[in-house]
Amino acid sequence: MRLSLWGSLLFFSFFVKHLTSLDPNTDAYHLSSFFSAMRLPNSPQAHTFSSLCSWPGVVVCDSSENVLHISASGLDLSGSIPDNTIGKMSKLQTLDLSGNKITSLPSDLWSLSLLESLNLSSNRISEPLPSNIGNFMSLHTLDLSFNSISGKIPAAISNLVNLTTLKLHNNDFQFGVPPELVHCRSLLSIDLSSNRLNESLPVGFGSAFPLLKSLNLSRNLFQGSLIGVLHENVETVDLSENRFDGHILQLIPGHKHNWSSLIHLDLSDNSFVGHIFNGLSSAHKLGHLNLACNRFRAQEFPEIGKLSALHYLNLSRTNLTNIIPREISRLSHLKVLDLSSNNLTGHVPMLSVKNIEVLDLSLNKLDGDIPRPLLEKLAMMQRFNFSFNNLTFCNPNFSQETIQRSFINIRNNCPFAAKPIITKGKKVNKKNTGLKIGLGLAISMAFLLIGLLLILVALRVRRKSRTWATKLAINNTEPNSPDQHDSTTDIKQATQIPVVMIDKPLMKMTLADLKAATFNFDRGTMLWEGKSGPTYGAVLPGGFRAALKVIPSGTTLTDTEVSIAFERLARINHPNLFPLCGYCIATEQRIAIYEDLDMVNLQSLLHNNGDDSAPWRLRHKIALGTARALAFLHHGCIPPMVHGEVKAATILLDSSQEPRLADFGLVKLLDEQFPGSESLDGYTPPEQERNASPTLESDVYSFGVVLLELVSGKKPEGDLVNWVRGLVRQGQGLRAIDPTMQETVPEDEIAEAVKIGYLCTADLPWKRPTMQQVVGLLKDISPNY
């Protein structure tokens, strides 16, 4: 290892030594300077131009000693590229610096007017793109994916009229897509996925690219309608995890269903309406179809029997009714089938079980027996779920854990095993045989009754005992106190109670793992506590970091109803919500499991951050993101979902300081009588002082308190709301501004934020704005955000 390092240093020293022998006005000199500045180990010897051009796979030159192509992918180049290096190679046509650790680009890079292909993917570039990117008039391929580039996509990109491939995915681009992009009519592939792009797409976007084969806009914040994107040449379209709305037929130009080229279509997690189009039969190459989680009208199963290439089909939460057609058995290549959360009826049809790996038919109204060939295949599948139907099954080989996870509310109709009475060498006496059978049945029934009585007694005793998690949180019990029991029986029971990990079905755990990871839910592992229960930090088996929310006991919901609620919560997806990834139902304890992404909550940011005050831009970003999350719960979910505990402690900030609202949907799992005046805090509206249940309007009030907390930097204690409202009525709202903000405070913006907080905290619920209106008001404060 030492010899190798010493050899690299010798190479590098020799490389720098001969740099001075090159003409400073040649490509050889600029290239040598580039490799030297980027600390390239094992660099090529630079004493002649030919030695540079002979380095295989990296540099290609012409006879005039011009560098035409540079391919330096994955060479561990690091740092900033200085000026007067590659930016001076005026004949350069191809530049591939992908898979390195480059942090910034030289200002003269954009002068390379002959550049045809630029690949800077998988680096560490964070600075915004300059407008002079439009100088690349000859560019065909632009790949800046997997960086941290922020700001807008510059309008000057419209100058790249020869562009065929645009890859900007997995960055931090914000705002909307520039309208000028529609002038790049040669585009074959567009990938803008996994950014923070929002607003509506430019007018004519769908029909602007007649040659387009691949479009990926997934995992952004786009809204509005999209017209004419599913034209006859397109092969791949992914619009998932956005806020697109409008009729689904608008996607089809002229409503002509000619999709002979379509291979991949994903429209999931949007708000499209209408009916699933029945013209899919022409898409004979279609292999991946995902239309899940939209707002389609009630409809029968679409025609899919001719989609022989289909290997992935997800139509969950698409409002399907009636039966699953038998023609689905023709799909012999199908690997994933998800039809969950619909209103499907009838029997489970015979499926082609040869290739299937994932099957989810849960939360429907299916009845009858599950086909035996399908049951026999389940052991070889990655994931399956038949829960919450009217189905029956018989497979004595299933473990109790499997039944509790995938057959919830499903009847096991396996008969009791009975050994036949066999008499060897003697004639059977029918009278004695009948007597023995009767006696055996009587004894069996007696044992059964005794067993049932023992179970009832055990349950009664267990109800009277103190629960292990909630009591510990409420009473602050010490780990070794006599009130806390941890008997061998408890441990045995804990190992038999499964944990359901929704997106990680192969991750097998039990309640015992959760207890071990939190030291039996010790207060020392608690992250925060609220009305919906304490939340504990844990590292689960396999190194999975989790946040475990223990919901207080006493709810009137059955285990089945709680399971349904958890499954539905797990399907709610929004960039500003902290998603549920699993759950555990343990007698009277209901545990929600979230992935702990090492986030900080807003309460800590504002009040436990010493002298390091959060700037106004960040505070506005947090307010807007939280408002969007609440607007989605109130107006994007059917039926509308009340949060019930909006406060600084339940607003988490990820690594990009994007807010994630936690604990949503848990209010349904609490007592019907929501905690009243004895648990009031500064976020509670006046009407809840009378033990009223939380409402959409009370969520708005709580958000208003959070907004005033962001503006003032004060904790919601004492009389914060009345103090700020009094200042506003006196025309002195600016006095509420947090004096610790470090930057020059845009007083006009903060004054508007104070007014929004004033509106949200109105005494009368009907005077408060909706969360949709609040989002609009916050966007108007800083329209460029």
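From the backbone N, Cα and C atoms, a Cβ is placed for every residue, glycine too.
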- Can you check which of Asn162, Asn475 Swiss-Prot annotates as N-linked glycosylation site? Asn162
- Message: Looking at the ATP binding annotation from Swiss-Prot, with Leu527, Trp528, Glu529, Gly530, Lys531, Ser532, Gly533, Pro534, Thr535 already listed, which candidate in Lys508, Lys549 is the matching residue?
- Response: Lys549
- Message: Rounded to a whole angstrom, what is the C-alpha distance between Thr510 (phosphothreonine) and Thr518 (phosphothreonine)?
- Response: 13
- Using C-alpha atoms only, work out the spacing between Tyr683 (phosphotyrosine) and Thr518 (phosphothreonine) and round it to an integer in Å. 29
- Task: Please give the sequence-distant neighbours of the repeat 'LRR 14' (379-405): residues at least 6 beyond its ends with Cβ less than 8 Å from one of its Cβ atoms.
- Result: 340, 348, 356-370, 411-414, 496, 498, 500, 505-506, 508, 510, 560, 563-564, 567
- Message: Which sequence-distant residues neighbour the repeat 'LRR 3' (114-136)? Criterion: at least 6 residues beyond either end, Cβ under 8 Å.
- Response: 73, 90-105, 142-160, 167, 172
- Query: By a Cβ-Cβ criterion of under 8 Å, what residues six or more beyond either terminus of the repeat 'LRR 13' (357-377) are in contact with it?
  - Reply: 316, 324, 335-351, 383-395, 408, 413, 564, 567-568
- Cβ proximity for Thr518 (phosphothreonine), under 8 A, sequence spacing 6+, ordered by residue number, returns Thr525, Tyr536, Gly537, Ala538, Leu548
- Note on the structure: Cβ neighbour count within 10 Å, max among the modified residues Tyr594, Tyr683, goes to Tyr683
- Message: Through the lens of DSSP with three states only, how would you label Thr510 (phosphothreonine)?
- Response: strand
